Amino acid sequence: MENDNSTVVKEFILLGLTQSRDIQLLVFVLVLIFYLIILPGNFLIILTIRSDPGLTAPLYFFLGNLAFLDASYSFIVAPRMLVDFVSEKKIISYRGCITQLFFLHFLGGGEGLLLVVMAFDRYIAICQPLHYSTVMNPRVCYALLLALWLGGFIHSIIQVALILRLPFCGPNQLDNFFCDVPQVIKLACTDTFVVELLMVFNSGLMTLLCFLGLLASYAVILCRVHGSSSEGKSKAVSTCTTHIIVIFLMFGPGIFIYTRPFRAFPADKVVSLFHTVIFPLLNPVIYTLRNQEVKASMRRLFNQHIA
């Protein structure tokens, strides 16, 4: 190779989730059924929140954006994975790989920051209720939304910039069913120790800090509502429990994947499957199933279309 910064590899071969055809078929059927059932549910959440004048509180504004982010996130990996299950050659171009990696971290980073914003919203609503309408006014909500999209973009562009500086001269087999930082870095024809440290800092450390910060914030909220009325306490505990479940689903796999050196573990692919396909589609549904107002609005919307 004449230039250490050049990239000879033009495409990557994805080794997939497993080499067993029986397991591939089983996962294909299960993911397809799950995808076709849950994905429309995310769009139903967005439609319900947009069409019901009673769901204008910041909580529902952010919930609608969470459903949009998760639905968009699911399009990055799942459709191609389903196609690859029935394809003999699982090939993705170098540019396609970088594009997939960019959107994966762009939307994933944005979603992580959105959960931080939702925690802030709940803190103000529960701990400072008299100031809630003043603090969480529409202008602030849109500013927070813009900030989290910008944060996700900055996080992702750093990942991509570091990858683009690496030379790839072969081999070109990615031991996964999609392109992500840990697997791509391993194929670089140079020492990647410094790049791995930067990646762990950009993805792993930030994920861990957000996770711990969110858990601490909900612990503070639960402590503050400890002495409130039984009705208020029950609603606050229910809301916080829902948020904490989603936090574990969102950040748990991310911490497992990104906060350690990029060495392969047997559970990596399974964790990645849940992190990129299953959990993103489930998050808004979990919020909705535990929110009486959204469920009631969905029933009204359904009855209007039946009538």
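Placement of Cβ uses the backbone N, Cα and C atoms for every residue, glycine included.
TrEMBL lists 41-287 with the feature domain 'G-protein coupled receptors family 1 profile'.
Marked as transmembrane segment by TrEMBL: 23-47 (among others).
Annotation source TrEMBL lists transmembrane segment at 59-78 (among others).
Note on the transmembrane segment (98-120): residues 59, 62-63, 65-66, 69-70, 72-73, 76-77, 80, 92, 144-145, 147-149, 151-153, 155-157, 159-160, 163-164, 178-181, 184, 203, 206-207, 210, 213-214, 217-218, 243, 246-247, 250-251, 254, 276, 280 of its chain, located 6 or more positions outside it, place their CB under 8 angstroms from a CB of the stretch. Under the heading transmembrane segment, TrEMBL lists 98-120 (among others).
Residues or ranges marked as transmembrane segment by TrEMBL: 140-164 (among others). Packing against the transmembrane segment (140-164) from elsewhere in the chain are residues 58, 61-62, 65, 98, 101-114, 116-117, 120, 181, 184-185, 195, 198-199, 202-203, 206: each is 6 or more residues past its ends and has a CB under 8 Å from a CB in it.
Annotated transmembrane segment per TrEMBL: 205-225 (among others), in sequence order. Within the same chain, residues 112-113, 115-116, 119-120, 122-123, 126-127, 155, 232-233, 236-237, 240, 243-244, 247, 251-252, 254-255, 258-259 sit at least 6 positions outside the transmembrane segment (205-225) and bring their C-beta atoms closer than 8 Å to a C-beta of that stretch.
Distant neighbours of the transmembrane segment (237-258): 108, 111-112, 115, 118-119, 122, 126, 180-182, 199-200, 203-204, 207-208, 210-211, 214-215, 218, 221-222, 225, 267-268, 271-272, 274-275, 279, 282-283, 286-287, 290-291; these residues of the same chain sit at least 6 beyond its ends, with a Cβ under 8 Å from one of its Cβ atoms. Taken from TrEMBL, the feature transmembrane segment applies to 237-258 (among others).
Beyond the ends of the transmembrane segment (270-289), by six or more residues, the same chain brings 17, 27, 31, 34-35, 38-39, 41-42, 45, 63, 66-67, 70-71, 73-74, 76-78, 81, 104, 111, 176-178, 180, 242, 245-246, 249-250, 253-254, 256-257, 295, 298 to within a C-beta distance below 8 angstroms of the stretch. As annotated by TrEMBL, transmembrane segment applies to 270-289 (among others).
Here the transmembrane segment (23-47) has long-range neighbours at 16-17, 63-64, 67-68, 70-71, 74, 78, 81-82, 85-86, 273, 277-278, 281-282, 284-285, 288, 294, 298, 301, meaning same-chain residues at least 6 beyond its ends whose C-beta is under 8 angstroms from one of its own.
This prediction places the mean pLDDT of the domain 'G-protein coupled receptors family 1 profile' (41-287) at 87.
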